[in-house]
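Contents: one structure, followed by commentary.
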Amino acid sequence: MSHNTFGHLFRVTTWGESHGPAIGCVVDGCPPGIHFTQAEIQADLDRRRPGQSRFVTQRREPDEVKILSGVMQDGETLVTTGTPISMLIENVDQRSKDYGEIAERYRPGHADYTYDAKYGVRDYRGGGRSSARETATRVAAGALARKIVPGMVVRGALISMGEKEIDRANWDWDFLHDPENPFFTPDPKSVSEFADYLDGVRKAGSSVGAVIEIVAEGVPAGLGAPLYGKLDQDICANLMSINAVKGVEIGIGFQAARIHGEENADEMRSGNDGYPRFLSNNAGGILGGISTGQPIIARFAVKPTSSILTPRRSIDRKGAEVEVVTKGRHDPCVGIRAVPIGEAMVACAIADHYLRHRGQTGKG
């Protein structure tokens, strides 16, 4: 097992390294007859693309996707054929020379030591396979996953950065698409505060973490299976696989441990449409590992990147004690570009469970 594949029926295999000639993915299990355009895939990639503001890495990658297999032209759109869909993204702005000094040194907080401990060799150029560069391929796969579940909408937002938090009373999904919003924040009033805060962090050569919230609406009840195929289990696994993610919660998550049962349990009434009407959504749209039909809500915490200009104590491959300064082009807050990545990983998990549910029950 190489552990480069996730999903059961909607299976995604990614390949490539940060400073290799290209990265890509193969999506296997996508049903035939799904219509989409290459522009739709590209639009999601453009949201994750580096170099779009002073608040993210200045590496200039166009991230232009090439779809190599698994589709046919059908008028103005492409249609899936049911065979593996292969997508490729070329790397065009690598600067491997920036990493020469850390070829033999372990960067604190990075996967340098653990990759060496496991494989006995590591690609020091931009982190190789452990780089978030790989996540562009997940976003491409996620754009396809959005097409699998009819009526599903998956959106994400950055809700805190370091010690700064949004005001949820100002939440506006439409503001995410505003050209004056480089942070994927749903709170228009938070932009200037985030900008001033991150400018200070960036100029100090440091970094900061963030919390991202993902909301999936239009997900039917019944997806997921006990006990070892829970929907929230796979959502958490997908989100935890993203670089720098150190925690995931569903619904109110850890807050549930601080309240009483009568506060936590989502009460129900009969709805006018014949379906239950929940009076709250503390469970985040999942009970017993199975979707309730309410919006699925997940949050994940992203640590500050360890690629900073502050000298840090470490060792080299021979065990000698050294100081490490990480040069190159890095995000002062990797949480910003993690928003579309989180959306993609949640979309992939739900699409996979939708196909599994349809196969098991005949419902879809």
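Note that Cβ sites are derived from N, Cα and C of the backbone, with glycine treated the same way.
Sequence annotations record features per position, and here Swiss-Prot assigns NADP(+) binding site to Arg48, Arg54 based on sequence analysis. Following the DSSP three-state reduction, the secondary structure of Arg54 (NADP(+) binding site) is coil.
According to DSSP, Ser131 (FMN binding site) is assigned to coil rather than to any helix or strand. The FMN binding site annotation in Swiss-Prot covers Arg129, Ser130, Ser131, Asn243, Ala244, Gly288, Lys303, Pro304, Thr305, Ser306, Ser307, Arg329.
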Lowest local Cβ density (other Cβ within 10 Å) among binding-site residues: Arg54, Arg129, Lys303: Arg54
Secondary structure at Thr305 (FMN binding site), reduced by DSSP to three states: coil
Reduced DSSP assignment, Arg48 (NADP(+) binding site): helix
Cα-to-Cα gap, Ser307 (FMN binding site) vs Arg54 (NADP(+) binding site), nearest whole Å: 16
